[in-house]
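Please read the structure below before turning to the comments.
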Amino acid sequence: MRKHPQSATKHLFVSGGVASSLGKGLTASSLGQLLTARGLHVTMQKLDPYLNVDPGTMNPFQHGEVFVTEDGAETDLDVGHYERFLDRDLSGSANVTTGQVYSTVIAKERRGEYLGDTVQVIPHITDEIKQRIMAMAQPDGGDNRPDVVITEIGGTVGDIESQPFLEAARQVRHDLGRENVFFLHVSLVPHLAPSGELKTKPTQHSVAALRSIGITPDALILRCDRDVPESLKNKIALMCDVDIDGVISTPDAPSIYDIPKVLHREELDAFVVRRLNLPFRDVDWTEWDDLLRRVHEPHGTVRIALVGKYVDFSDAYLSVSEALHAGGFKHYAKVEVVWVASDDCETATGAAAVLADVHGVLIPGGFGIRGIEGKIGAIRYARARGLPVLGLCLGLQCIVIEATRSVGLVQANSAEFEPATPDPVISTMADQKEIVAGEADFGGTMRLGAYPAVLQPASIVAQAYGTTQVSERHRHRYEVNNAYRDWIAESGLRISGTSPDGYLVEFVEYPANMHPFVVGTQAHPELKSRPTRPHPLFVAFVGAAIDYKSAELLPVEIPAVPEISEHLPNSSNQHRDGVERSFPAPAARG
């Protein structure tokens with residue numbers, strides 16, 4: 001009789017059926033948090049069945065945000081959920097796509113590694129997928145082998161694209177043994193309003209489709225807008241051949257951070273550790289209960305305007321939104337994110353209309369010229385009103401453009417938006433010029449991942465971080481043009497952080513005597529924020545917004561600001577001295 005290999009690491013697969021967007025990622029993340037709170041070492045992985053190598057070149061409206069890991073991988077937004085709930089950094093291996101798998105297999109075929117074989121989906125593609133799944137069980141940098149690997153399989157059961165991944169997962173159970181592998185299936189139990197009934201047939205059919213490919217789920221997550229009664233849970237357990245203890249009702253929760261409590265109430269974590277024979281302790285709720293108190297018992301509310309291009313699809317700014325909320329948790333404050341389309345801020349009147357009742361303005365990252373003048377207009381409005389501003393990546397670049405325009409460089413722009421501008425205060429990075437020119441691959445070639453920065457002592461950012469040595473994740477091709485540092489200084493904007501060699505501008509800010517809080521960073525600090533450990537920049541920004549709200553500023557009348565385009569000089573030699581510097585003095589908090 002064949003014996004299965006001894007496996008110190010257990011594997012748990014999360015699949016989905018009936019419909020997409022049921023919350024597989026949040027379910028997997030919440031279970032990971034529960035197992036971690038039981039003292040287990042957990043890591044996570046997402047299998048994405050699209051042919052792109054990574055999501056880096058996808059439209060944010062289609063895919064949502066691109067989450068960048070410490071090692072510079074562009075990954076699915078669910079990896080961000082994993083990091084936030086587990087409170088640990090993951091690597092690029094946490095996201096596997098069909099594009100990656102096929103690229104590797106085809107490259108091996110070209111090198112002759114399959115010499116003599118007909119390369120097929122089974123076994124070559126599935127073997128490559130299995131290899132990437134099993135690699136997650138290897139010890140990490142601290143030589144700690146995970147107790148559990150949770151692997152989320154993207155898509156829904158029945159999709160053609162997902163079949164190789166489901167087959168690979170089935171083979172992992174065959175290779176490691178049923179005692180070492182757990183299948184969790186997330187399914188929809190719809191409520192039909194006309195009849196007032198909950199219907200179980202979609203879940204039954206979804207499980208039947210899963211069983212037809214050789215996978216019998218150990219537990220079912222029933223997604224519904226209300227609790228599923230015991231009678232229906234018993235029916236589903238019978239018809240789907242699942243232990244009744246593994247039929248888990250998960251009604252919609254008030255907050256995503258309540259989901260671990262919902263799963264624990266249904267005893268899913270206890271069922272998993274028993275089934276996989278894992279050592280465990282009781283759940284330590286100390287940290288999570290403190291978080292939930294801050295989530296549900298805020299002492300006040302602040303309104304933060306997120307001025308972006310993709311605000312019609314909030315997942316495009318998921319990590320930014322979560323970092324803002326986490327910054328609020330630190331202050332026992334609820335952050336209400338006001339989604340503002342950047343196009344609405346292109347004129348002073350438009351900016352005043354949409355930003356009149358907010359307490360802070362956040363300018364997120366992005367690409368392309370659409371909406372840029374609106375982001376700059378929002379910064380101009382916030383500067384004059386004394387509104388706190390935080391600029392991320394492109395947001396820093398917009399702060400620099402607005403600052404240099406205010407001291408006479410009215411054609412100041414980015415080489416990304418206006419290659420022929422006479423004053424490219426934002427320029428293409430030297431190692432990106434061939435890529436921008438179309439002479440090299442576009443995907444996966446930006447300045448990606450964690451890079452160090454040195455902060456100026458006593459600066460706002462140094463005070464926020466509590467140190468002058470920091471590391472942040474990046475994703476950009478453009479940088480502040482060092483030839484314009486004197487013009488930046490003339491505007492009052494201070495370069496408060498650079499790369500260790502002093503070359504690349506990483507942080508800018510206005511001194512407190514000019515404005516209470518305008519900070520820009522070339523990085524994406526939102527990617528390192530955790531609900532239980534908010535990022536210090538977001539803590540400082542939300543704190544400044546709370547101060548702004550508390551100050552009860554008197555109205556400040558802003559002089560009419562002419563549209564820049566109406567006053568562009570005819571010659572590039574005229575723009576520095578031919579425009580009156582009439583930018584209104586920034587307001588100070590009273």
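Glycine is treated like the rest: Cβ placed from N, Cα and C.
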Quick check on the annotation: Swiss-Prot has S21, L22, G23, K24, G25, L26 binding ATP, so which of D78, D87, D89, D117 does it put in that site too? D78
Among G350, G360, G366, G449, indicate the single residue that Swiss-Prot lists for the L-glutamine site containing L394, G395, L396, Q397, E416, R477. G366
Based on Swiss-Prot, name the residue from K108, K130, K235, K261 that is recorded for the same CTP site as S20, D159, I160, E161, K199, T200, K201, P202, T203, Q204. K235
Residue from E152, K201, C393 whose C-alpha is spatially nearest that of K24 (ATP binding site), among the recorded positions: E152
If you average pLDDT over the domain 'Glutamine amidotransferase type-1' (303-551), what do you get? 94
Nearest to K199 (CTP binding site) by C-alpha distance, among the recorded positions S21, G25, L26, H524, is S21
Recorded positions near D78 (ATP binding site): from E152, K201, E526, Cα within 10 Å gives E152
Among G23, G25, which are binding-site residues, the residue with the most C-beta atoms within 10 angstroms of its C-beta: G25
What is the Cβ neighbour count of K201 (CTP binding site) at a 10 Å cut-off, with all protein chains included? 11
For a quick check of packing: other C-beta atoms within 10 Å of the C-beta of L22 (ATP binding site), how many? 19
Quick check for the class: what is the C-alpha distance, in angstrom and rounded, between G23 (ATP binding site) and E152 (Mg(2+) binding site)? 11
